[in-house]
Amino acid sequence: MALHLSWAFVFGVLGNVVSFLVSLAPLPTFYQIYKKRTSEGFQSIPYVVSLFSAMLWIYYALLKKDAMFLITINTFCCFIQTFYIVAYFYYAPKKEKVVTVKLILLFNIFGFGVIFLSTFFLQNPLTRLHVLGYICMAFALSVFAAPLCILRKVIKTKSVEYMPFTLSVFLTLGAVMWFFYGLLLKDMNIAVPNVVGFIFGILQMILYAIYKNCPKKMVEDPKLHQLSEHIVDVVKLGTMVCSEVNAVAPQPNETNNNGGVVQAQNIKGNTTDHDASNKV
């Protein structure tokens, strides 16, 4: 028993280290937002969902009472995600600010409030823990829609631009650490989602090996760059991934302006020809 606990401690520490590094991945995005003085082209939902996930896992860990490392990493995650949300909100256009407030009310106030009230007053503490654990596990598994979108994009474009290799390695390492942490604690709510996380991590590395030498296609979409940053680390579910690739938002106005110039030149040319024919 003591040996199991000591190994759980080791994997818990390693999981915290990996997840801590992953949680800092969005910083380059916010440096870019700071330089541009606007968060237009990006979305706040990854950070709001990450904060919601961290809150869920902290609540679960407090009820479980023997999952200290879930508390430490998710507490840090709450702070860093709050920082991301505040920074995003500060530089966001008015419309995006309204959307962000609605998301916070939906997930962090109403959503968490409903889960808390519906589980906290259950008379049997073991039932309460099991119900909350199932909710956490179901939410962890559902968020895998995000990496599926990235994998689909990699296959479609034959480019790994949105899926850096370092990201895949850290995802896989994190999944391994947290899987063994949950297994040693005999907690399947922690272990099971990370089996899926490990599979996705291996799949990403395989796709990287297949497409790494393919020429890059110019598919500029800042939301895809942001999504690649926020593939979910399902143990703490608040840190989402990747080293930021410089995202350039598409500028349709330039095309319209150029089109306007061409059209003006055509009109001018037609007018000149018409005047010349009149003179003749």
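Every residue gets a Cβ built from N, Cα and C, even glycine.
Look at TrEMBL and you will find 252-270 tagged as compositional bias 'Polar residues'.
TrEMBL lists 271-280 with the feature compositional bias 'Basic and acidic residues'.
The region 'Disordered' annotation in TrEMBL covers 251-280.
Per TrEMBL, transmembrane segment is recorded for 6-33 (among others).
Among the features that TrEMBL reports, transmembrane segment is placed at 45-62 (among others).
Look at TrEMBL and you will find 68-91 (among others) tagged as transmembrane segment. Below 8 angstroms of C-beta separation, residues 12-13, 15-16, 19-20, 23-24, 26, 30, 33-34, 37-39, 42, 44, 47-48, 50-51, 53-55, 57-58, 60-62, 97, 100, 104, 181, 190, 235-236, 238-239 of the same chain, each at least six residues beyond the ends of the transmembrane segment (68-91), sit close to that stretch.
Tertiary neighbourhood of the transmembrane segment (103-123): same-chain residues 44-45, 48-49, 51-52, 55-56, 59, 85, 131-132, 135, selected by CB-CB distance under 8 Å and a gap of 6+ residues from either end. What TrEMBL records for 103-123 (among others) is transmembrane segment.
If you look up TrEMBL, you'll see 129-150 (among others) marked as transmembrane segment.
Residues or ranges marked as transmembrane segment by TrEMBL: 162-184 (among others).
Taken from TrEMBL, the feature transmembrane segment covers 190-211 (among others).
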